[in-house]
Amino acid sequence: MESALPGPGITRLQNPFRVGGGPAATPPAVVLPLLAPRLSQMDPIISALFFLLHVAAADCTGGPLVDVIIDRYDIPRVCPREVQTEDFIRYHFNGSLFADGKKFDSSHDRGKAFISQVGLGRLITGMDRGLQGMCVNERRRITVPPHLAFGSIGAGGIIPADAVLVYDVLLLDIWNAEDKVQSRTISKPETCTRTTAPSDFLRYHYNGTLLSGETFDSSHSSNKTYDAYLGQGDLIPGMDEGLVGMCVGERRIIIVPPFLAYGENGYGTTVPPQATLVFEVLLVDVFNPKDDLIVEVKEVPEGCTRRTVAGDYIRYHYNGTFQDGVAFDSSYQRNSTYNTYIGMGYVIRGMDKALQGLCMGEKRRITVPPHLAYGEEGVGELIPGSAVLVFDIHVIDFHNPNDAVEIKVTHKPQECNVISEADDLIQYCYNCSLMDGTLLYSSDQFNSPSTTTLGGNKVIQGLEEGLSGMCVGEKREVVVPPHWGHGENGAAGVPKSAVLLFELELVELQKGVPEGYMFVWLGDGPDPLFPAMDLNGDKEVPLEEFSSFIMIQVKEGKGRLRPGLDSDGIIKDMFDNQDLNKDGRIIEDELKPEGDEESEATKRDEL
C-alpha cells in the first residue's frame, strides 16, 4: 500500500458536531425567536425579487427596517441543496455598517471561513434568517436591522447602538448531522463480473474537490493511482463506505460529509476544517489477497490430443492489459512470439501455472493477481505496484526437448514394393507451415517438385526422417520439433524454436548408391568381367565401348549409376579410374584385382 496522499487519507473527526465561534470582533449573538419566513423551498429568482420589493416598500415609508433584506446577486445555475434550519454551514463574509460602509469584520481578512449552525440561535437572528435557502457558491447581501442584530446596545465599541448591518456572504459548504455518504455512478462498463468489497485492495484515480468546486488534490496530476485496502481503516470513513460495490472501469461521484472525512481539523493546508469533500473516482483495479488465477478458455481447436505440461517449451502470442483495459505490452506489436519453458520459473508464477494444460492453437484469458505477478514493486514505469494483469494468449506451438519426429500417413498406394532410403534420389511435393497454419514454404512456389538425395544432409534432420520409408504416391503429415529442425536460432522465414508441420507427397524415387560410389552391381556382376566389357572381342575397351557396356547393365537392371548426376560424366570418371596408363583404352591387366574394395563395391546389392 502506498503512503497516504492528501485527499482520502486517514485523519478522523473527533467531535463532528462542535461548531466554530463567530467573527473575532463579533460578541455572542443575540438569541431571538426565528421570525423570518422560510424561503428554502422558493425559486431563487422569486425569493430575490420578493426581498427587493420588501426593500422598496421599507424605503417608501421612510421608517426603520422591520426585517432582513436579502439581495441574491449571484446565484449558481445548479443548486442541489439549500440551507435549512439545523444545517451546518461554512462561509466567507464581509461585515460592514449600513450607515457609512465601514467594515467591522471579515473572514477573508482572517483567512479562515466561518462555521456555524443555522436556525438554533448560534448567530444573530438576522443572520439566522438571512442565510436560509442559500446555495453553495451563492453570493448574497444580507441587510440586518438593529433589532435583529445587536439592538440599542451595540457591540464593544465596534458596532454602534441601533446599527443596521450589511453582510456580504459567499456560501462554501452545507452539511447536517443526519447526512450520509452520497454516491452516484457517472458511467459503468456493460459487463461487471466483480464489485469491490471490504478487505479488497483497490487502485483508483480521483479528483478531490470541496463542495464549492475548489480542487484540493488529484491522483491524475501525479499520474499515479491511489492504492489502499478497503474497509481496513486505510481511508477516511466516507471513502471506505463510498467505494463499496464499484466495478473496474466505473466512474462514481462520492460526497463525504465532514464528520466522515477530516472533521474539525481538516488536512494540512489543502482541506479546511469541517469541509464536505467531493471525489470523482475511476476504479482502475481490484483484487483480494486470497485471489487465485482466473482462467477463461476462449477457444480450443478440435482434435486436441496433447496438452502442455511442466518442462515443455511453448511459443505463444499475447496482449497484456490491466483490468481497466489499458495495454502494457503485446507480442503482436513486436511481431514475435514469447518463448519459454513451462513450470521452471522463467515467467511470473501465475503464468507458469496458467500455461499448463493448453492445446496448440488454444486461446485463453488469464487474470493474474499481483501476488502471483510483480507484487507491490511492479516493473519500473511499465507495470505499477500491486497491479492485476490480464493476458489474452494464443498458443502457437509447444514441444518437449525429448520429442521425436511425428509421422502420420494420410495416403498410401495399394502397391508399395519400393520405399525410399539413404542414398536414394527422390522428388517430393511439400507444404511447410507453422502449427497455427501459417504457410512458410511450398514446392508450389517453384512449379516443380523438390529434389534431394536422402542421407546427404541436404535437408533438416526431421524432414529427412519424414521422407524415409515412403512409396511413390504416398502422402504424409510430419511434425518436426525444433531440435530436429532449425533449432533455437530459426532460419530465413522460420521463427526461433518453431515446431514445423510438413505435408509431403513422394512423386519420384530413384534408387541410389552408397556415398563415394558411382556405380553398383545389383546382384553378382559378370565373372570374368573383362570379356563381358570387351563387346567386340579385340582385347581392349575404349571409352565408347565401356559406356555402352555400363548402359546395357543399367538397362537390364543389373547395375545402377548414382542418380541425380550426368551419366556420361559418371561413366567418364569410371573409365578414367580404370585406364591406369591413360592411353584412352582399358586392357585386362588394368582392371583392379578381384576382391579389393572397389571391386567389392560393384557387387553390393541395394535391393
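Sequential numbering from 1, following the chain as shown.
Just so you know, glycine gets a Cβ as well, placed from its N, Cα and C.
What TrEMBL says about a protein is an automatic prediction, not a curated fact.
Feature list (source: TrEMBL):
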- 86-175: domain 'PPIase FKBP-type' (DOMAIN)
- 199-287: domain 'PPIase FKBP-type' (DOMAIN)
- 311-399: domain 'PPIase FKBP-type' (DOMAIN)
- 423-510: domain 'PPIase FKBP-type' (DOMAIN)
- 581-607: region 'Disordered' (REGION)
Dominant neighbour of the domain 'PPIase FKBP-type' (423-510) in 86-175, 199-287, 311-399, by Cβ pairs under 8 Å | 311-399
How does the domain 'PPIase FKBP-type' (86-175) divide up by DSSP, counting helix, then strand, then coil residues?
-> 13 helix, 38 strand, 39 coil
For the domain 'PPIase FKBP-type' (423-510), mean pLDDT (0 to 100) | 93
In the domain 'PPIase FKBP-type' (199-287), how many residues does DSSP put in helix, strand and coil?
-> 15 helix, 37 strand, 37 coil
